[in-house]
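Chemist: According to Swiss-Prot, the protein carries these features:
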- Ser17, Lys18, Ser19, Thr64, Asn89, Asp105, Tyr215: shikimate binding site (BINDING)
- Lys68: active site, proton acceptor (ACT_SITE)
- Asp80, Gly130, Ala131, Gly132, Gly133, Ala134, Asn154, Arg155, Thr156, Arg157, Ala158, Lys159, Met213, Gly237: NADP(+) binding site (BINDING)
Amino acid sequence: MHALPRYAVFGNPAAHSKSPQIHQQFALQEGVDIEYGRICADIGGFAQAVSTFFETGGCGANVTVPFKQEAFHLADEHSDRALAAGAVNTLVWLEDGRIRGDNTDGIGLANDITQVKNIAIEGKTILLLGAGGAVRGVIPVLKEHRPARIVIANRTRAKAEELARLFGIEAVPMADVNGGFDIIINGTSGGLSGQLPAVSPKIFRDCRLAYDMVYREAAKPFLDFARQSGAKKTADGLGMLVGQAAASYALWRGFKPDIRPVIEHMKAL
């Protein structure tokens, strides 16, 4: 039996995850000791790994790529956010032995933009680049903030149109995107290999915030491009990472961490 409350992040790979450091900072704020580990589940072995974790005393888990859709199907019940996103990044062990799935990615993004970067989403025009799981996961919460308009652009138009129909937003081909957006969010994974979304530099001429959902070096190509093209402010996804983790922590423990000092702590590492 484990003496400390036990949590973990599941992914493949998982060794790079910053979640253990982030959650230990939250535990310091709460004044408690927790155990938080990384679990690299085999492809095809995720459900068994999660089952074993909870059966041996696990209290809650984060889920990262490539298991967010599988986590959705594994959960016994879902939050409205998870249902809308069709993906789960947080698993909560309930007292009756069932597992509840939630998605805190959108909360992390929206809180970083509105509370840390101090830019309101309400009434603004938003451009989302990419149409994968990362983008789908944040649209429901962005819509809750009542922007004037959300447009999604993707390399393959069909995927963008599918999300546009699902969420009642607009879709355009990347090559056809022009300016007129207050907030531009990059949800493509191109930065991981140094690639930029195939968009014109003109899209940044009215941009108040260019945001990349990945962080550190992976965000650099897009943010440099945005800055050089006229974006007034740029930000990587570290605040989103800390914010979604804080929302997960609150679901597990009923304690709401202050994300600002943790963002600064993670920047210094």
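The count begins at 1 with the first shown residue.
Heads up, the Cβ atoms here are built off N, Cα and C, so glycines get one too.
Help me picture these features in the structure, burial and contacts included.
Modeler: If you take the C-beta of Thr64 (shikimate binding site) and look for same-chain residues 6 or more apart in sequence within under 8 angstroms, you find Val9, Phe10, Gly11, Ala14, Ser17, Asn89.
With a cut-off of 8 Å between CB atoms and residues at least 6 apart in sequence, the same chain places Ala87, Val88, Asn89, Asn103, Gly133, Gly137 near Lys68 (active site, proton acceptor), listed in sequence order.
DSSP assigns Ala158 (NADP(+) binding site) to a helix in the three-state reduction. Taking the Cβ of Ala158 (NADP(+) binding site) as reference, no residue of its chain lies under 8 Å away while being at least six apart in sequence.
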Chemist: Give the three-state DSSP assignment (helix, strand or coil) for Asp80 (NADP(+) binding site).
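Modeler: It is helical.
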Chemist: Rounded to the nearest Å, what's the C-alpha distance separating Thr156 (NADP(+) binding site) and Asp105 (shikimate binding site)? Just drop the number here, would you?
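Modeler: Their Cα atoms are separated by 23 Å.
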Chemist: Give the sequence-ordered set of same-chain residues, not counting Ser17, Lys18, Ser19, Thr64, Asn89, Asp105, Tyr215, with Cβ within 8 Å of the centre of the Cβ atoms defining the shikimate site.
Modeler: Val9, Gly11, Asn62, Leu241, Gln244, Ala245
Chemist: Calculate the distance in Å between the alpha carbons (Cα) of Asp105 (shikimate binding site) and Asp80 (NADP(+) binding site), and round it to a whole number.
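Modeler: That separation, Cα to Cα, works out to 13 Å.
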Chemist: Sort Ala131 (NADP(+) binding site) into helix, strand or coil using the DSSP assignment.
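Modeler: Once the DSSP labels are grouped into three classes, Ala131 (NADP(+) binding site) ends up as coil.
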